[in-house]
Amino acid sequence: MTSQAIAVGAVAGAIASTIARSSSFVGRGNSTAADDGTVPPPPPPPPSPPSSRGNGKNVGILAMEVYTPRTYISQSALESHAGVSPGRFTLGLGQEGLAVTGDAEDVNSMALTVTHSLLEKYDIDPRAVGRLEVGTETLVDKSKSTKTVLMDLFGDNADVEGATVVNACYGGTSALLNAFAWAESDGWDGRYAIVVAVDVATYARGPARPTCGAGAVAVLVGRDAPLAMVDPRERATHSCNVYDFFKPDHAVEYPVVDGALSQTCYYRALEDCYAKFCDRVDGLEGVVDVDGHYHADSADYFVFHAPYNKLVQKSYGRLHFLDARRRHARGASPRLGGDSSEEKKDETMTAAAAADVARVAVAVSGPFSEADLTRPIEETYADRALEGTLKSVSGPSYARRLVDANAASRVVGNTYTASVFLGLASLVDKAGGRGDLTPGKTVVVFSYGSGAIATMYRLHVREPDAAASGGRAFTVGEMARKLDLSARLAMREEVHPQELDLALETRARMHRGGAPYSPVYPTIGRMSPGTYFLNGIDSKWVRSYSRVPFDSEPLPAGTAGMLAPPMVLRLATRDAVSSPATGMLDVLTHGGDALDKHTEARRRVACVITGTSAGLPHGDDSRDVFDPSNLQRLVEGKVQCIKPISGTLKMAMLDKNVVQVKKRPGGKTERFTISSDKDVIKVAAQLGPLDLSANYGVPEGLAETMDIAAQVAVAAGLEALKSAGLVSGKSNDPSEWKLPERYRDTTGVVYASSFPAMDAAVGEVMRFLQSKTVGAASAERLVFTLRNRLLRVAPDRELGDDDEAAFARLLSRVREVEGGGAGDESGGDDAGASTASSDPYEFDRKFLFRVLVLGNAQLAQLAGCRGPNTQTNAACAGTTQAIGMAQDMLISGRAERVVVVAGDNGSGGTLLPWLGSGFRALGAATTQEAVEDAACPFDKRRSGMVLGAGGIGMVLETESSCQERMKLPAVPGCHPCQIRARLLATQYSNSAFHGAAMDRKHIASELKRFLNDVELVHGISKAEIATHGVYFSHETSTHASPEASCAGNEVAALRSAFGDELLSKLLILNTKGYTGHPMGVSFEDVAAVEVLMRQVVPPIPNYKERDDYLGDIKISKGGAYACRYALRFAAGFGSQVAFALYASSQHE
């Protein structure tokens, strides 16, 4: 015997035992027509309970509030999207829509939303609440209850009883009955109770997924209620042990479901509860005559637990079948009977009531066969013919008694514990809004939770006594007005069916992701004002929540679901949104549904980052340039690459005779000659040795064809490919660094550098000049040159007597050795002309390779990248622009993956004397000696940039390419393929303004344009980025004046785009305080990926003094930080501007 058969048998046995004990539940019997062939009239409805009934406390529901997400999916659209036949969900399930939400909402946030709204709408003082209990099965913690989270809403009122109740969909009903009992008890202290039922119904892919949904209902409970359980005995419960629906795996949110068994258990629980409920009501009302027994038409309204509406329709039909079996078992007379007074009542019946009479007459007079009324009840569950009969018999009554209650669940979907409460709210909204839910009417509620527990109870509509006494009276009419449920549901936004899978995937990733975690879906712009949302889960698993401000504007309908890139929206809306220069996707040139285009285009353009690398300028540090821990230590703030430079380099800069021009107020200019070592650069971040042959197996002859910038870029690219799992890189065997053949034609390279080949060109020129000057100079001339250098740095440009005497002796000795004359003290051209270099200059045959074959081509040759290949020089915006170009390549279909590399060596021995002098001439380089004074981004003390060097690599892929790689066996020895982060958007442009200065107005307008595009395309608002993102700044610490400083321009642009309030929430990061300014190499972009992966941020180094000009900004202090997005801004000489927005891998 199977476990399912055992479970079914156990349930059947429990019910059979109950039936035998009560002798009341078999059916009403098969009534027949009277002898004369007429149909007897139905029994009159039971009289209203006398005033003596109940305990007089009239405990019940005073008020209700409902919350459901703002976005929903149409079931008919879902049918089309799923490729099933029309009507599969709309008719087969009886559903019209389902609410959808993702990881940004959990039961805590939804409970906060609905509870806070209840308190506000009804002006309830939190101190007036003495009990708070929650029913849910969507647990976020196995110990801490949601009730405790809600206590944040109750201020200093800590004297609140209650906890969280868990049993599938029954938890809310249990909490309600507990609240009723508390309010009825001697322990009641006069305060209100609040019951919150909240759940997110989720299912794995399969036939149950269309029965998802989400919602929360808060119920205010007290005495003298308009919806009261007048007599607490008017209820019946069924409990048994069965595994029809349960959640044993805490790592996933989805249940284990036996659909057929669950429906059977639902029917059996309903039958058992209904039998006992009818008997109890009959007993309480003193009904003896079978014809007067309680039946399915005795209640004015029913509310059923509604996982889907078709189950409710079938279940209500079965009540009429149960009535018939009950009458048949008790041998009821075919004629219903009744006296003349009842017959007179019938003459005044409404048309609707007359229709009910006729239907009941048919039910009693024989729509069911003898076999139906006597065979085992289990045999009837799957009888389709009987279902058709029951639908016909119960249809008119269902329309009158259940349609109103089911209206909300039909468009919201399954809400688990909240289901019956949503039904009650829907009934109040519909019938109460029409004025039909009047005193004296009754509502029978059936609540079911798998496992299984069920209860049926009756509520009475009444006029509160407080209305007559002048006290506060809660009424059904007030509830209907404040619920306004139909209007609120009509205002929701329909989104594409694919959003259901998207939302559930984000929730699944949250369950798998661990801590810290930052939610990604839905964005704030897709939530209604007043909605609470999950900020994130920190490294200690603590959840924090915020509320959407009431003055926020949700995204316009139709934009939140737009998932395609800007050029798709341009085609659809003709809006002014920039499109990539590489052209439009082929998918958009063909006809078809717009949403299908968006879906296909999004699939094509989804860019993911699968590999990163960083070569840091450790200088003479013992660490390798590409130490595996580089990025981790950088984002943890545990690296400092900036160090003092050599005296030789300082002297080389003094030799350049730099003159700085400063503008004074009034337009005057002054010239300052840099003639002392106190005015030259003293610190920099310099690269250590890098051996391509030893580390990567690059032939020495080939390595010699690359300058330093190209070498570090090539190494960065190879390391990024290794990080992405595309090459093994286990040794320096060149084959270990070669792409598999199947990836070569679809892999491109983009190389960014501010000084491509300049290291090689300047180095070669200097070698030639030295051969003609130093190498050919006489010893006497060298002595004169040394004396002149000392004079330039000496005080008052004079040497002491001892120094002059030493030089005189040195010259005398040189002349004796060389046999020369007195010479020219000025060190003129004739001095030492007789002495020549022992090694004459010879032109380097590899010079052209160094200046023409750049890092992009060298990497392609070594790794086998045969896709598109190019180099860009956008100065200091180079890397970020290159990433944008790579995204364009992916979007256009030119490549499936692109390796972005960047390399610069501006702080090396060859270029530093020239570049350092150039930045000193502009007043842009610091001359501070101590690192903590030289490298202090955003600090008031900042005085200029620190030159740096290094290389980065990043592998960008289309998501489809990445997913295909994940399906294939891993390359032997390679890292497994994984999505490290997502590249959502890029933008690059030029301010056409100035060679060095930043145009803050244009940068601000470009940032606004970028953020608008992001919101239009991805539905991610500025508020979302500010609240759940970090900002990787360009800040170089230049500070000629507050207005002209890099930080001043950058913060002004941020403030213009975000506004003061949002800017105060945006965490600002910077890496140049650790690495110096590596020119075209952006450590910020690869650090952004690392931050999103590790959920850790680096502190702004050496930050001590606030700059009032910058105003209030959120400077990073480092440590764990939950974030979803990383916004990057880069600027470069020549008015270059570039932006990028990254998202965590959980973002869809």
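Cβ coordinates are placed from backbone N, Cα and C, and glycine is handled just like the others.
The region 'Disordered' annotation in TrEMBL covers 26-57 (among others).
According to TrEMBL, the compositional bias 'Pro residues' annotation covers 39-50.
Marked as domain 'Hydroxymethylglutaryl-coenzyme A synthase N-terminal' by TrEMBL: 57-226.
Residues annotated as active site, proton donor/acceptor in TrEMBL: E137 (among others). The C-beta environment of E137 (active site, proton donor/acceptor), restricted to residues of the same chain at least 6 apart in sequence and closer than 8 Å, consists of V166, N167, A168, C169, G171, D199, K247, Y416, T417. DSSP assigns E137 (active site, proton donor/acceptor) to coil in the three-state reduction, placing it in neither a helix nor a strand.
According to DSSP, C169 (active site, acyl-thioester intermediate) is assigned to a strand segment. The active site, acyl-thioester intermediate annotation in TrEMBL covers C169.
Residues or ranges marked as domain 'Hydroxymethylglutaryl-coenzyme A synthase C-terminal' by TrEMBL: 230-349 (among others).
When Cβ atoms from all protein chains are considered, those within 10 Å of K314 (CoA binding site) total 18, not counting its own. The CoA binding site annotation in TrEMBL covers S262, K310, K314.
In sequence order, C169, Y266, S419, V420, G423, F446, S447, Y448, G449, A454 constitute the residues six or more apart from H305 (active site, proton donor/acceptor) in its chain with CB-CB distances below 8 Å. For H305 (among others), the entry in TrEMBL reads active site, proton donor/acceptor.
Residues or ranges marked as domain 'Hydroxymethylglutaryl-coenzyme A synthase C-terminal' by TrEMBL: 377-547 (among others).
Under the heading region 'Disordered', TrEMBL lists 818-837 (among others).
Residues or ranges marked as domain 'Beta-ketoacyl synthase-like N-terminal' by TrEMBL: 857-959.
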Averaged pLDDT score, the domain 'Hydroxymethylglutaryl-coenzyme A synthase N-terminal' (57-226):
94
Cα-Cα distance, maximum over S262, K310, K314, record's CoA binders, Å:
14
Using an 8 Å cut-off from the Cβ centroid of S262, K310, K314, can you name the remaining same-chain residues around the CoA site, in sequence order?
Q263, Y266, P307, Y308, L311, V312, S315
Distant-in-sequence Cβ neighbours of K310 (CoA binding site), under 8 Å, six or more positions away:
G92, L93, G94
Just to be sure I understand the packing, how many Cβ atoms besides its own are within 10 Å of the Cβ of S262 (CoA binding site)?
22
When the domain 'Beta-ketoacyl synthase-like N-terminal' (857-959) is classified with DSSP, how many of its residues are helical, how many are strand and how many are coil?
40 helix, 24 strand, 39 coil
Reduced DSSP assignment, H305 (active site, proton donor/acceptor):
coil
